[in-house]
């Protein structure tokens, strides 16, 4: 079958042609007979094999037309064509810039390929520039790609990723990658390389060539003058000179020099160092139909017809048919080129290379394009490739005369069999190429033959192949007739035919074309998208029922983006078939036009509609309908098509106003009646009285009582924030007003959509005064600049706040005009509903918009009187609603004191109130009197004071009116501060702000508790003094944005500076205050050009030595007069500064100082920051702003020098560091030290943030003993992972969290928390061991911790009581973490009195992290093993296992020692001595002979802690760890410990003698074991001795690791692995891989995800990555970590997508896990990724898995489908039959045998199947069935023999 032959080709040698046949072939190989073998072949027999042979011999193979890559993968003998399957990662290719986009560069590659270079893959220099631009808040340079590259520029790129399915080739231009194979020590002049510009110097450029230690320079006079280079640009250059063994080279990218340089043999170029773009002398040796084969230097290469210089048709065809060795050296030139005149041979331009064969050496100049993985070199002789002039001329010709989409007639010149047709456009036009896929829409071979029999055919330009120097054409009829060929050709609003290709819930994809139904033809590959709202005029609930894939529909173009290839269509019938004008631009619209539009948004203000080409308009709410639409968002839906009438259109501003009312509104009788009826309704801005109907959480629901209107029954909302101008009083009024209460003097704020009224006295008072002056309600026409009005905050945005004045007028206050000081966030200063005073600054009558300012310095109002007066009126208003029994400020009440500084009011009505006491003296009595200073009825909170001076005050305060007195503040809230007069004792109330527009938050309050202030008395009310504090001049300070000024450099005083000189003393007025400086208007000097000079006063120039955390700028205020000295002049940027067009928009600003007279540094750019601020220097820095992205504070040390203060180094208190953004406000002076300075970035640390634990002094680096702050990044089972500054990360063990172990120690920590820690261990890769113990941080020597840090084995003694955390449990026992470095083991018989047989039960009881109490049983000083016990008898505590689990008790057997038993043991030991010692031999500790006999009776059983040997390296550490207990061991363990003295008395002399003999035999056996090489060591020393003798044996290293793991010494096991990797030779790859896999297993069991990732990274760097990942998957699978295994398999399937074993393993893994659907998805993806030749094998593998692990029926179907397509694949038959037999499907297997033996195959294959068939019937069938099969075999043999005899 054809498909079988295509996927699985059978090897068949081509039939050799004789000389006569070649001659006949040449006779018929003419242009008009290109596809005919001979006249006799083309007869009326188009059917059968002959017709197929005819077409194949003519050159066309039967392939799918839409599979482009299959057509181009035609293999030509000796000639190389660039194909996707030949492109590999790291391949160097010569390319030409085809297009430059915003974030990528499109590169044209040889043989019609296209590559893409992302912005981050251009060069490392350019990547650093982009990163610096991202980090810089105000980027001042433009590094766009269109300024670094130009179309037609030649580049050398390296392939970094190839995706054939997406036809994507990702490239990189980084010289580090491109020049990777170049050896610079062997570099010679004339060689080529790639470089990136590092910097632009005065006389040239410094170039990065990607090699460390190599410096490259390119002078200006040898660079390309036609192209301006910038930093980061990538160039293709040649070497001019080489010095210092290749460490210094000079380069040139001059095209003249590049075209002169030819590669020479002395350059020493190899196949690995061949650089694309190099010119060589190419000597042709053979010319084929598809190109030329030849030699250059010492290599062979080929030039395809696509890459050769085009010549005339006749001679080209003659040469092409030779196929013999080349014997001539002439090549004809193109006909259209003129012949050279005599005498001009030597007048050729010396800068151009000769591209024709010379008479002597038969060579031609060629350019190297690429080298394939098979070391096949491809070259080109087309001068358009390397000559810039000809290449640019070809590009210009393509753009002007032959753009994409141009139709033309072409002349067929040549046919490359099975691939393409070469042709020429017009008479002297450029050459073109037509691939087979672009010849015809039909697959008929006859049509292709007839098409190419014509001398000229019609074609259309579809692309420009710049590297090949030809045009790509198409002769397909659908392409020729296509209306739209490119996205740029599509016009918005045009009708198009489209075919649905994909349907989903959000929309469907379509393919553009022409024709309807079955006659639809796609014109190219133009695809569009129809969103869900454009399916129909209504929203379809189930569009999949109406639209199906393959349907042809008519659409209209909404928008098109030619660059991004985005096409948005609509299928709405109203828009598609509209008879109204199709609007695609604002200039088409005029008032009164009727158009169609669709709704894209519906809001309260109206509807936003859109037309074609993104023409957008607004339909105001009043124009939505003739009647009022109360809720537009409910009336209209997104996507609704509406007819609209144009009201107004401003084309320049793209502002369009529409109406849904097609006729203008007219005032008729009905409207007049409506207006008359409206006169009796409530209007916005009217003052009314309301009655409370209900109290809700947000405020009150009220109804209007006066005046009487039709809206009286309508419910209005009175928000809590609108009950008063003061927030605290508003809450109290809300709690005071009850249902039925009448509220007078309310203002109607809005009617629709939500009726709202306001009771703000300041706003109501202003509007009532207007009405009294007969000025009427405030309207928009009344607004004028500089008008001051009361208002309230309606909405807060990032760019400012919206304020509302009476009558519904809303204005915007920009962020810069919100306050006199700098505001980092608009939400930090105001809140919605706050009363403010606004000044109108700008009024736009046309747009009906106005701007306001809320700066207190500009909104002049009698603030003190207004605040005090309004507050008094509000207090009186509240008192009118209160009853006599209610509490009031100033009221004396009896209280009872408590011990915790609280009290209770002796009144049953207020017993539930929370009462706080403010006192200055201790009362001896429990009952006393107090004065109320604060009451909050909502929260039931009362604050009283029992200061005797206040309680006993009876004097009238009227005499203090108009005077001043001293006040002591007691309590401060959002509105007022309450204190008392220090002279009279009267209560004093002060406003907490001096202006309505100031912040009432704690940061903005004027007073604090216990503060003493001087007060001016304004009024007396109920014995309480109301006044204001006397403050310094100025009401606030203004801080502006940093965009106004930006440091550049110091300059000299210019003529525009007047008479300014350094050292001059001046006087000025503070204009505004920024974050770190103040602007001062110099008033002591005359005006310059009519304006006063403005200087800058930096915070560092106000005080010489400011205190830490003080604000020097707080000493000056806006409007204050200051005296300064001029210390210099700085050139700064103004707000008009632009990077490119307005770089000169700068001006000089004098630098001022209040602290010195000396001149400042000339320029911060001239100073070496490393020398000026060395590491360790103490500086005073000033807070500029907080960078949330970097978590650091941006500081400014001196003008122009900035630094970073990381949040973790901002304070020694973790709480302060966590709130660094709010704790360190702008302008604060902080005493810091420089901890890092690289010349560009300075890092600071606050004093005390990073100190040494012993000396308590500040240090500049984190090391052992350092104390610093850390941020919790991750919480793991055994501790915390912290992030620290300067040293990346560290880990806190679970035992180092505190000095006292507690249950669930990790619950008190959370991710992002900042803690104080100290460094207790320094590891590799910047990994630190940290501790949070207070004893380690504060070095508390007097107090010992409850649970000390056990860092020494000497501190562990038997019977010591300790606490620890359970680390893990296994068959070996329970492992307990005692400290960071010490772990212990508890065997099951020492864990509890209950019998523990199930390990799973142990894991449930002893969960990791559980706190346990232990007693030390023994400590091994050799290997550090610690044996513990948790028995109650040893710890003195209850058993760790509760009785509720009902576990059985452990049986205790008494040991009965006898002589017979001892003899048996002695014989057993002797027997063991004779047998060879294996890795499972038990080793016991030796008993020293010198010890007394009494102490030898108590021999501790060490079998629980000593391994039986070392487990086999299966990398499962828990296997065979616990030795099998013998009866004597269990008896010894269960019998308990007897008293040593009593046992000694019972021993006889004979017994003692036997013990001595036993001890001697044991010692002798131990010595023999040490001499035996097969003995498994039981100590670290023995292991080291063994490893010295076998350093290359990975199994021994793994066992050594297992030895340490038996003792729970994980760190030592890691150290052994690291030592093994260093010791094993690099040649022993498998041995090293074994150690890496063991280390991965170790980290998986005992480490964390971080350590596993780090180990995996190292393993993949030093081993085969696929093998490492396969081992890791096995590790995760065996340990039950399914999610981890899934991640690894996904990574493997992407990284090794063309590896069949990876997909097979992945599918098996999913099938074994029961995830059949996922396995099927993976199988489908494998077929897309693998080569077609591997599909059948993959299908058979998956079918086998379906039989075993999945659906057997699905597996059978897959086998049957495969066999139907490939019936003679005996391997598939064998696999199918074996699978059926294994599945016990005997009948199916018998049927398969019968089918395969009925096929016609070779006798050898038939013999094999008949033999297997007989064996099958013999085993699973009957003898008769086997005999029948034998008879069939005999019949087959007889038939074959008869056939042979007949032949």
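Here the Cβ of each residue, glycine as well, is placed from N, Cα and C on the backbone.
Among the features that TrEMBL reports, region 'Disordered' is placed at 1-24 (among others).
The domain 'S1 motif' annotation in TrEMBL covers 90-174 (among others). Note on the domain 'S1 motif' (90-174): its mean pLDDT in the predicted model is 83.
The domain 'S1 motif' feature in TrEMBL is assigned to 190-254 (among others). Residue counts of the domain 'S1 motif' (190-254) by helix, strand and coil are 6 helix, 34 strand, 25 coil (DSSP-based).
Here TrEMBL flags 314-356 (among others) as region 'Disordered'.
Per TrEMBL, domain 'S1 motif' is recorded for 493-572 (among others).
The residues of the domain 'S1 motif' (592-661), classed with DSSP into helix (H, G, I), strand (E, B) and coil, number 10 helix, 35 strand, 25 coil. Sequence annotations record features per position, and here TrEMBL assigns domain 'S1 motif' to 592-661 (among others).
According to TrEMBL, the feature domain 'S1 motif' maps to 786-855 (among others).
Residues or ranges marked as domain 'S1 motif' in TrEMBL: 1063-1143 (among others).
Sequence annotations record features per position, and here TrEMBL assigns domain 'S1 motif' to 1265-1333 (among others).
Residues annotated as domain 'S1 motif' in TrEMBL: 1359-1431 (among others). DSSP states for the domain 'S1 motif' (1359-1431), grouped as helix (H, G, I), strand (E, B) and coil, give 10 helix, 33 strand, 30 coil.
Annotation source TrEMBL lists region 'Disordered' at 1447-1577 (among others).
Annotation comment: TrEMBL describes 1481-1501 (among others) as compositional bias 'Basic and acidic residues'.
Under the heading compositional bias 'Basic and acidic residues', TrEMBL lists 1521-1530 (among others).
The compositional bias 'Basic and acidic residues' annotation in TrEMBL covers 1552-1568 (among others).
Per-class residue totals from DSSP over the domain 'S1 motif' (90-174), listed helix then strand then coil: 18 helix, 36 strand, 31 coil. Where the domain 'S1 motif' (592-661) meets the stretches 190-254, 493-572, 1063-1143, the count of C-beta pairs under 8 angstroms peaks at 493-572. Under DSSP, residues within the domain 'S1 motif' (1265-1333) fall into helix, strand and coil as 7 helix, 35 strand, 27 coil. Helix first, then strand, then coil: DSSP counts for the domain 'S1 motif' (1063-1143) stand at 7 helix, 36 strand, 38 coil.
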